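Student: Just passing along the structure, written as structure tokens.
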Amino acid sequence: MTMRSLLRTPFLCGLLWAFCAPGARAEEPAASFSQPGSMGLDKNTVHDQEHIMEHLEGVINKPEAEMSPQELQLHYFKMHDYDGNNLLDGLELSTAITHVHKEEGSEQAPLMSEDELINIIDGVLRDDDKNNDGYIDYAEFAKSLQ
């Protein structure tokens, strides 16, 4: 597995956090997170519902138990859309990727190089930006999670 896909995986896993919601886990078998060819997705790299709710504290007043996986998915998207244009641009993707990378690594984790980060963002845009506008909109984001 290349360094690009190893670093891209945590970002995509962070995007898959909705599937770690307790209700979703009952419907989706845990084995689906580590099947061969699934880019190494596993429970250790996926952001959980509790982590998302920490970031949404004070923003969302609905209890997490009442939120559907789709609502959590939308809120995750919105919490990385810093300029509020309903699109994720390269900078917003970069911030999300480095956030995931920092939280998964130890304090001594090596910093991601600028070239590695650029390659990951380029890969995300190449694979998931279906209309080639340079942004990931919510429909593209949701489709990438299927």
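Glycine residues also receive a Cβ, built from the backbone N, Cα and C atoms like all the rest.
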Student: Based on Swiss-Prot, name the residue from Glu71, Glu92 that is recorded for the same Ca(2+) 1 site as Asp81, Asp83, Asn85.
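Tutor: It is Glu92, as the record lists it for that site.
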Student: Express the predicted model's confidence over the domain 'EF-hand 1' (68-103) as a mean pLDDT, rounded to an integer.
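Tutor: Average per-residue pLDDT within the domain 'EF-hand 1' (68-103): 84.
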Student: For the recorded Ca(2+) 2 site, enumerate neighbouring residues of the same chain (Cβ within 8 Å of the Cβ centroid of Asp129, Asn131, Asp133, Tyr135, Glu140, site residues themselves excluded), in sequence order.
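Tutor: Filtered neighbour residues, in order: Leu87, Leu125, Asp128, Lys130, Asn132, Gly134, Ile136, Asp137.
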Student: Judged by the number of other CB atoms within 10 angstroms, which among Asp81, Asp129, Asp133, Glu140 is the least packed of the binding-site residues?
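Tutor: Output over binding-site residues Asp81, Asp129, Asp133, Glu140: least Cβ neighbours within 10 Å is Asp133.
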Student: Take the C-alpha atoms of Asn85 (Ca(2+) 1 binding site) and Asn131 (Ca(2+) 2 binding site) and report the distance between them in angstrom, rounded.
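Tutor: If we compare the Cα positions of Asn85 (Ca(2+) 1 binding site) and Asn131 (Ca(2+) 2 binding site), the gap is 16 Å.
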